[in-house]
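Colleague: Quick one: this structure, given as structure tokens, is what I'll be asking you about.
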Amino acid sequence: MLANVVSRKASGLRQTPARATVAVKSVSGRRTTAAEPQTAAPVAAEDVFAYTKNLPGVTAPFEGVFDPAGFLATASIKDVRRWRESEITHGRVAMLAALGFVVGEQLQDFPLFFNWDGRVSGPAIYHFQQIGQGFWEPLLIAIGVAESYRVAVGWATPTGTGFNSLKDDYEPGDLGFDPLGLKPTDPEELKVMQTKELNNGRLAMIAIAAFVAQELVEQTEIFEHLALRFEKEAILELDDIERDLGLPVTPLPDNLKSL
């Protein structure tokens, strides 16, 4: 009988989870103990990699997870979701910026720019200071409204554990804005379309950086630079033909020599 009681007591002790205690002193000086709060176990690295590998945007030639800087080694799924939201947003802004560069340089006299005292001219990197204030004010308000809507739809209340994190039921990038009804209902088709958007956004981020660098170095507009490159290549090809025929070579204009 006594053995059975001892056995049950020992079994109960084994099933009770251990809790760490911290010895503290009360105001009266007596020594007491308080239980330490239990912390959640960190998400395993394998879970983060598996989650990332199944996201839209994994594409050739990088069929696996492309993470040369090793960000995922110390990241959580919450971090990955926030980074994906940032990538989608920056890609969309870059696509608009790349389009705005080339269109803005072709519509330099368009009255929407509120530049009544003179014309907007030159590379797009110098248009900011030439365009009237009446254009930037409504644009700033529109950006503020759009960003406020994005925060309201996707971001958690910044208190407690919700600081700097997305809502649990929010799909990064999905703001519910689909006026043309192009969003596929099939999950696989949706993933393909999301991958296309990500790839176009990634290309646009590289393109807008190249646009800015090219205009800073050569001080020419995008299409003007492209036309000059074609002109130079045409002259060089013509020179090769003239050499083969024993004809005088067409000289390369000075403005094309530096291209």
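Glycine is treated like the rest: Cβ placed from N, Cα and C.
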Colleague: Which single residue out of E85, E87, E221, E224 does Swiss-Prot record at the chlorophyll a 1 site shared with F66, R202?
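Modeller: Record check against Swiss-Prot: chlorophyll a 1 site with F66, R202, extra candidate from E85, E87, E221, E224 is E87.
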Colleague: Same chain, not part of F66, E87, R202: whose C-beta falls within 8 angstroms of the C-beta centre of the chlorophyll a 1 site? Give them in sequence order.
Modeller: G57, L198
Colleague: Greatest CA-CA distance (Å) over the residues F66, E87, R202 that the record ties to chlorophyll a 1?
Modeller: 14
